[in-house]
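Read through the structure below, which is laid out as structure tokens, and then see the notes.
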């Protein structure tokens, strides 16, 4: 029997313990930092090539197996959607499956590279596929959960999380250069152990929060802090890449460099502490228990405002959900599929063949430098393609699909740069290619969620990921490997290496032509969905405004409850004060008329009378404040209705 699929949960489940969605967001960022290790293939591909005496086409085939594994998310998507009703166990179980696959895959690759076992070529393909497919489980379990938690900020959330994934290769390359270079075999063991431990720990804090959570600070501040963390990491990685290109690091320099790398993650880890705490609290649970439990006497006109409204307490899905079958029958799906597929394939062509391109252009520079440059630009592309389209949608009413046209055109430019690359300018072409490639990874899931809805996002997005998986073979392996070996034949090169600037020229010119086709399909998608996006923009703005007002109303509601408690206390004080004044006046000589009273006693009576007058004035001010809240119940009812 399939797990429950409904988002409407029983009250007893709703009120159980959930980690804050900000803690889930931070934990997801660390998981995503371990979900892009396929980008480090360029570091250990030469080791496998030498150990097994593989041709360039075979090396590219292993890279393609990793790419297909890294994009074939259909199994992870189906599993996640199957467990969608289990808000805690579902996302965590998805990640745990990935941990097992990751550890087994990379440990087997280490054993094969070390010489402990001898694998046939097909087994190398299968194990690489297994190791890299784990990252789709990491990504699905963490990213889709965060999108559901922050459904009105989905573009920004996707961009930040995808940016961490884009930094993954550079982050772990820093560890490799600091302690292991040039021992790529030990690097494979490190990839098996360290990321598995990090992901397993962080997965315990991943859950979907099925209600509107208390937001004590504006979300924008938290997202700005997360963006600052990503930019700081990217800038640091860029500096380290340039520094290690000019001079190496000793052991203690590597320790310092790696420690600084980890320290830069602290702001991301501090977000849940700064913005709402570790535990999720429902919007209705803002009052302290003693105020909630006390029977408070309030004016009748405020009672509707204080009533619970569970029907409006769940996040609202403002998009029309489409099943995977309906997506496959949609022209919009295939436009998005083609653009994402061919442009991602162009980016993977460079990534999978970085080491061979450096050798073909004359060598002399560490491949790790260009892998880091590509990874950093990849990160920035993901971040910008998530954050900027969100801003443009809210401020300029610009559909997110416009960014797809821009990224397709940028991929075309990147392919031309790669086709006519020179070693001294290869860093520039790697950066442009990485940025365009990362941009697609950030913008495609956001567009998919807006066009096809959130309910089946995991499966629908995994279907879109089949495109890059196919093109990683067609473009990055078959075309690149075949045309590379033809160039070797023309040059009459000996050995397994092609030398010359034209070794990869033909494949990138073909990719440039495909990118022009992507510009066309992206434009068609924009025209087809611009009316939909006008509604999406309108409803998103309304939903954000509604939630912001609901937060303000909730604060007002809690303020009234506290004032009601203070009102009750003040009445008690007044009653006690009147009694005390009466006692004092009765005890005064002259029967309480003040005649013959001592000056000190008379002064005390006057002071107490003044206090009571002030208390009465405070009560009158509170009553006036209650009257000013008279319109709020209807206003709130109109917004939530």
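Yeah, the Cβs are placed from backbone N, Cα and C, and that goes for glycine too.
In TrEMBL, annotation is done automatically, which means it is predicted and not curated.
The domain 'Nodulin-like' feature in TrEMBL is assigned to 21-272.
What TrEMBL records for 22-44 (among others) is transmembrane segment.
Among the features that TrEMBL reports, transmembrane segment is placed at 56-81 (among others). Same-chain residues lying 6 or more positions outside the transmembrane segment (56-81) and placing a CB less than 8 Å from one of its CB atoms are 38, 41, 45, 48-49, 90-91, 93-94, 97-98, 121, 124-126, 128-137, 139-141, 144, 344, 348, 351-353, 356, 456, 458-463, 465-470, 472-473, 476-477, 480-482, 484-485, 496-498.
The transmembrane segment annotation in TrEMBL covers 93-113 (among others). Within the chain, the transmembrane segment (93-113) has long-range Cβ neighbours (under 8 A, six or more residues past its boundaries) at 31, 37, 44, 47-48, 51, 76, 79-80, 83, 86, 119, 124, 127-128, 130-138, 140-142, 184-185, 188-189, 191-193, 195-196, 199-200, 203, 206.
Annotation comment: TrEMBL describes 159-179 (among others) as transmembrane segment.
Annotation source TrEMBL lists transmembrane segment at 185-210 (among others).
If you look up TrEMBL, you'll see 222-243 (among others) marked as transmembrane segment.
Residues or ranges marked as transmembrane segment by TrEMBL: 332-351 (among others).
Only residues 6 or more beyond the boundaries of the transmembrane segment (357-380), in the same chain, are considered here, and those with a CB under 8 A from a CB of the stretch are 36, 39-40, 42-43, 46, 163-164, 166-170, 173-174, 176-177, 181, 230-231, 233-234, 237-238, 240-241, 244-245, 350-351, 418, 421-423, 426-427, 430-435, 437-438, 441, 497-501, 503-504. Look at TrEMBL and you will find 357-380 (among others) tagged as transmembrane segment.
Marked as transmembrane segment by TrEMBL: 401-420 (among others). Outside the transmembrane segment (401-420), and at least 6 residues removed from its termini, the chain residues within Cβ reach (under 8 Å) are 336, 339, 343, 346-347, 349-350, 357, 381, 385, 388-389, 392, 428-429, 432-433, 435-437, 439-440, 443-444, 447, 501, 504-505, 508-509, 511-512, 515-516, 518-519, 522-523, 525-526, 529-530, 533.
Per TrEMBL, the feature transmembrane segment maps to 426-449 (among others).
Beyond the ends of the transmembrane segment (461-484), by six or more residues, the same chain brings 55-57, 60-61, 63-64, 67-68, 70-78, 136, 140, 144, 324, 327-328, 333, 336-338, 340-342, 344-346, 348-349, 351-353, 356, 444-445, 448-449, 498, 503-504, 506-507, 510-511, 514 to within a C-beta distance below 8 angstroms of the stretch. Look at TrEMBL and you will find 461-484 (among others) tagged as transmembrane segment.
If you look up TrEMBL, you'll see 504-526 (among others) marked as transmembrane segment.
Simply put, out of 22-44, 185-210, 426-449, 22-44 has the most Cβ pairs sitting under 8 Å from the transmembrane segment (222-243). Most Cβ pairs under 8 Å with the transmembrane segment (332-351) belong to 504-526, among the candidate stretches 22-44, 159-179, 426-449, 504-526. By the Cβ criterion (under 8 Å, sequence separation of 6 or more), the transmembrane segment (426-449) is not in contact with the transmembrane segment (22-44), since fewer than 3 such pairs are found.
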